[in-house]
Each structure stands twice: as C-alpha cells, then as structure tokens.
Amino acid sequence: MSLDKRIESALVKALSPEALGESPPLLAAALPYGVFPGGARIRPTILVSVALACGDDCPAVTDAAAVALELMHCASLVHDDLPAFDNADIRRGKPSLHKAYNEPLAVLAGDSLLIRGFEVLADVGAVNPDRALKLISKLGQLSGARGGICAGQAWESESKVDLAAYHQAKTGALFIAATQMGAIAAGYEAEPWFDLGMRIGSAFQIADDLKDALMSAEAMGKPAGQDIANERPNAVKTMGIEGARKHLQDVLAGAIASIPSCPGEAKLAQMVQLYAHKIMDIPASAERG
C-alpha cells in the first residue's frame, strides 16, 4: 500500500459512521467535510516517513499517530477560517466549514476533530501503552499554549512579536510533532528529531508568507493577501520578498543535514529533498494585480 493510501485509509476509518457513533447528523457530516478531500497531507506523510526510516515496528501505532496529527491540523484550519480569526470563505478550493454549515457548528467540528485524534491515540494504547502515552503527551505539548499551535494563534493578539517564536509555534509546532511522533511511534527517542521538524516547519511558514504575498486565491485554493489584511507578523513584512527567499533557502539548506542517524536515513533524505524543491516553487513576482 502506498503512503498516501495508508494515511487516507486510516483517516477514513477514524471518521467512519461506526467510529463516530450516534453523533448529531450535521456534526457527523461536518467532521469529514473538514478533512476530505485533503490537501497534501504533508504532516502525516512526514510522520509515517520518519517511522519507516526508524523501522516502523508497530504500524498500528504509526497510523494512529498520523491520524491524530492530521486531525489536529484540520481542526486548526477549521478554527483559523472562523470570522474571529481569518474570516476565510474558502479552504482547499471549497467553502470553508463555517460557510458550508454555520459558525457554531464549525467551532464544535474543530473541537470534535482534535478530540477524536486523542481518542485514536488512547485506543492504540491497547497495542503499545508506553508509546501511546508518549504520543498523547507530545501532541498535547505541541498543540497547546506552551509553544504549540494555540500559542502561535495567540501571538497574533500581541503588540510585539518575535517572528521566529511565532513561526515555530504557528506552523513549526506540528512539523516538530510530525518528526518527533514518527520517531516515538517506532520506539525511538523524540528529542533528536526536533531540529528537522523545526526546519521543515519554518520553511513551510516562510513559503506560505511568500505565497500569500505573491499568489492569487485561485492558485492557492484559499484567500490571498491575508497577512496584510489581518496585520499578521510575516517574513515578507519583516525581510522583504528577496530577504524572505534567501532566508527560506538558508533554512532548507540545513534540513537534510539535521536528519538523525537511523536505518532509513538515505531514503528519508530523498523525501526531504523532494519537499525542499516543492517548497521553493514560488512565483518570482506577484500573480495578482
């Protein structure tokens, strides 16, 4: 089974009618709406790739970790799109969840998705309780107020913002979770995998800042120009277009070198290199007027 199919199959199972039970019908429909069809599934792909590089001796735990991470990411997107935050009408080329349903249901759907992720991790405790506990702790740490994605969103309410701290929390946290949870799922220590996740996360955030400044809404599948509209801290505002491009290159240059020693190190390096090429695929100048 391909990596894509493995991840998608695990997500479908986690959000199946059998898994959701007797949920209110609209909420039961809203949960998969917020997850399918997916984007690139970058975070769970990195997680599973790291687990495979480390031996992937417990695939059920790896799959649960990948599902929990992607559900947390999707929940954050549902909440990001709400009028209280980005007020975005489009997500992944279709109406954002609060537009397709309503705002209260979108809040509940986002909450339910992140809770479902922790349920999936708790369930796999029957397979390997030690790893499940570590995964729950790691995902909680990198989702909350202590440098997790909640902290990243909260930085936007501060008058003075450290761009590096903001990027690490807003985007980097779940990429750090991807590399560290992949290692944990395969029985490896998490700490050596921090730097790789941090670099990949920083690169994606800088690239996202550049795309927000240069690309059209049609090309991105979501509203463009949101950083300026919402007065968010961003790399382009701080460094300029060319400065942000140079910083992106510098961040990516050290990503492969930061891969810890593991049995599948060479193959993992190829995957990181592939993502680096994709990340750098940004227009040279603005596509919109």
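Don't overthink the numbers, they just go from 1 along the chain as shown.
Placement of Cβ uses the backbone N, Cα and C atoms for every residue, glycine included.
Taken straight from Swiss-Prot:
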BINDING   R43, H73, R92  isopentenyl diphosphate binding site
BINDING   D80, D86  Mg(2+) 1 binding site
BINDING   D80, D86  Mg(2+) 2 binding site
BINDING   R91, K170, T171, Q205  (2E,6E)-farnesyl diphosphate binding site
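Structure with Swiss-Prot features highlighted.
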residue	record	CB count, 10 Å
R43	isopentenyl diphosphate binding site	26
H73	isopentenyl diphosphate binding site	25
D80	Mg(2+) 1 binding site	20
D86	Mg(2+) 1 binding site	21
R91	(2E,6E)-farnesyl diphosphate binding site	24
R92	isopentenyl diphosphate binding site	16
K170	(2E,6E)-farnesyl diphosphate binding site	25
T171	(2E,6E)-farnesyl diphosphate binding site	22
Q205	(2E,6E)-farnesyl diphosphate binding site	23
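The two recorded residues, R92 (isopentenyl diphosphate binding site) and D80 (Mg(2+) 1 binding site), show a Cα separation of 13 Å. Note on proximity: among D80, R91, T171, Q205, the binding-site residues of the record, the Cα nearest R43 (isopentenyl diphosphate binding site) is that of T171. On the backbone, the CA of H73 (isopentenyl diphosphate binding site) and the CA of K170 ((2E,6E)-farnesyl diphosphate binding site) stand 11 Å apart.
A coil conformation is recorded for R92 (isopentenyl diphosphate binding site) in the three-state DSSP classification, outside any helix or strand. A Cα-Cα distance of 12 Å separates T171 ((2E,6E)-farnesyl diphosphate binding site) from D80 (Mg(2+) 1 binding site). Apart from R43, H73, R92, the isopentenyl diphosphate site neighbourhood in this chain, defined by C-beta within 8 angstroms of the site C-beta centre, holds G38, G39, A40, R41, I42, E70, C74, L77. In the three-state DSSP scheme, D86 (Mg(2+) 1 binding site) falls into the coil class.
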